[in-house]
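Visitor: Taken from Swiss-Prot, the feature transmembrane segment applies to 11-31, 41-61, 76-96, 111-131, 140-160, 186-206, 219-239, 268-288, 296-316, 324-344, 358-378, 390-410, supported by sequence analysis.
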Amino acid sequence: MSKKSVLITSLMLFSMFFGAGNLIFPPMLGLSAGTNYLPAILGFLATSVLLPVLAIIAVVLSGENVKDMASRGGKIFGLVFPIAAYLSIGAFYALPRTGAVSYSTAVGVDNALYSGLFNFVFFAVALALSWNPNGIADKLGKWLTPALLTLIVVLVVLSVAKLDGTPGEPSSAYAQQPAGAGLLEGYMTMDAIAALAFGIVVISAFKYQKVNKVRTATVVSAFIAGILLALVYLGLGSIGQVVNGEFADGTAILNYAALSTMGQAGRIMFVAILILACMTTAVGLISATSEFFNSLLPGVKYHVWATVFALISFGVATMGLDTVLAVAAPVISFIYPSAITLVFLSLIEPLLFRLKWTYLFGIWTAVVWALFMSIPALNPFIEWAPLHSMSLGWVVPVLVASAIGLAIDWNKKGAQSVAKKESISV
């Protein structure tokens, strides 16, 4: 297992995770949490870093892609879930969002023609960079990610050194339950779904590099990428700790920090950071979705899928960020409970045994609960659940359902063991 290959692939994975949302969430958390920053950021890291890392490991333990994982939930779930996951974080949401966010920050003019031209160039470059799936690790890991990290480090160091703001009183939820608020904020990045998708890219990269222990290398890369994410989040969060005033979001905080410390050059650097973050994520998403659908329908080549997804993303992004969010956010919210359930069941399975009924009970409870959460008219039927107000009402029902399934699996295993012993004695 080459250390160089692992490092380059780790940098690639970091850059694919680190999109626009990952850039702007931590500074706002740093500002809002105030003096309660430490528990808030630790909660944030638990769901925005640890959960995606565990998702990558779950993919490795289950096979080579999310379809191998999802098959444990039955044939229907095994087909529908991965398709929904790849489309929602791909061409119908996260992918066009990379272009829309880049345009709104870099240009910010409400003009359909300008938006169309910008997004055309953006997705043309992303398509070109993802055209050869075997070369993505080098393009992202060797060049784009080091450039992105360098710019982020410069912004963080100058901001912390030059800005003289002090942490204020924690606002809203951060005053009462800072760790819980941070946990929920990290949960809302929904990076666990992206992790399920990116697993196939990491595994393919190591296979192309002829790495012997692909599974081990993938797990190590996931941990290294996670450590990098955590360090960057801590740095960005610290910027929120040294600014004072009212800011609409993390973008405004970072823009202020860049202008205050470096003037107009800082503004240019911030735009470069955001576009690089969005571009590396776009390349990863095009590659991941195209590889998955190529494996699903081998008759349609990777390059055809890549072109189709880039064109769809261009069209959706040109319609604007609000359109992207309105269309895809409900879908993401619907499949996320199932994704997390799938990840944790895949992680505990090697410690126990084949969990047929545990998977079926747990996953389908998550699906049904998410359906009730997605339809406002059905919400009154589930408001009694613990954590419902935090959009986590599905957690306890899924745990109970999984425990029932585990009891059935355990009972069946015991019955099979008895039957086997009796047949041997006869």
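Counting begins at 1 with the first residue displayed.
Glycine too: its Cβ is placed from the backbone N, Cα and C atoms.
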Visitor: Under 8 Å for C-beta pairs, could you tell me which stretch among 11-31, 140-160, 358-378 has the largest tally with the transmembrane segment (41-61)?
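Guide: Going through each listed stretch, the top one turns out to be 11-31.
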Visitor: Are there residues at least 6 beyond the ends of the transmembrane segment (390-410) whose Cβ is under 8 Å from a Cβ of it, and what are they?
Guide: 180, 184, 187, 333, 337, 341, 345, 352-362, 364-366, 369-370, 373, 382-383
Visitor: Short question: most Cβ pairs under 8 Å with the transmembrane segment (111-131), which of 76-96, 186-206, 219-239, 296-316, 358-378?
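Guide: Between the stretches 76-96, 186-206, 219-239, 296-316, 358-378, 296-316 has the largest tally.
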Visitor: So what's near the transmembrane segment (140-160) in sequence-distant terms, Cβ-Cβ under 8 Å and 6+ beyond its ends?
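Guide: Same-chain contacts beyond the flanks: 7-12, 14-16, 18, 129, 228, 232, 235-236, 238-239, 242-243, 254, 257-258, 260-262, 266, 269-270, 272-273, 276-277, 279-280, 283-284.
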Visitor: Are there three or more C-beta pairs under 8 angstroms joining the transmembrane segment (296-316) and the transmembrane segment (76-96), sequence spacing 6 or more?
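Guide: The transmembrane segment (296-316) and the transmembrane segment (76-96): touching, yes.
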Visitor: Please figure out which one of 186-206, 268-288, 358-378 racks up the most CB pairs under 8 Å against the transmembrane segment (296-316).
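Guide: It is 268-288, which has the most Cβ pairs under 8 Å.
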Visitor: Other than its close neighbours in sequence, what residues sit by the transmembrane segment (268-288), given a CB gap under 8 Å and a spacing of at least six beyond its ends?
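Guide: Same-chain contacts beyond the ends: 12, 15-20, 22-23, 86, 89-90, 94-95, 98-99, 101-102, 105-106, 122-123, 125-127, 129-130, 133, 136, 139-140, 144-145, 147-148, 151-152, 154-155, 194, 197-198, 200-201, 251, 254-255, 258, 262, 306, 309-310, 313.
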Visitor: Apart from its near flanks, which chain residues at least 6 from the ends of the transmembrane segment (219-239) lie with a Cβ under 8 angstroms of it?
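Guide: Those are 1, 6-7, 9-11, 13-14, 17-18, 22-23, 26-27, 29-30, 37, 41, 44-45, 48-50, 52-53, 56-57, 60, 149, 152-153, 155-156, 159-160, 163, 202, 250, 253-254, 257, in sequence order.
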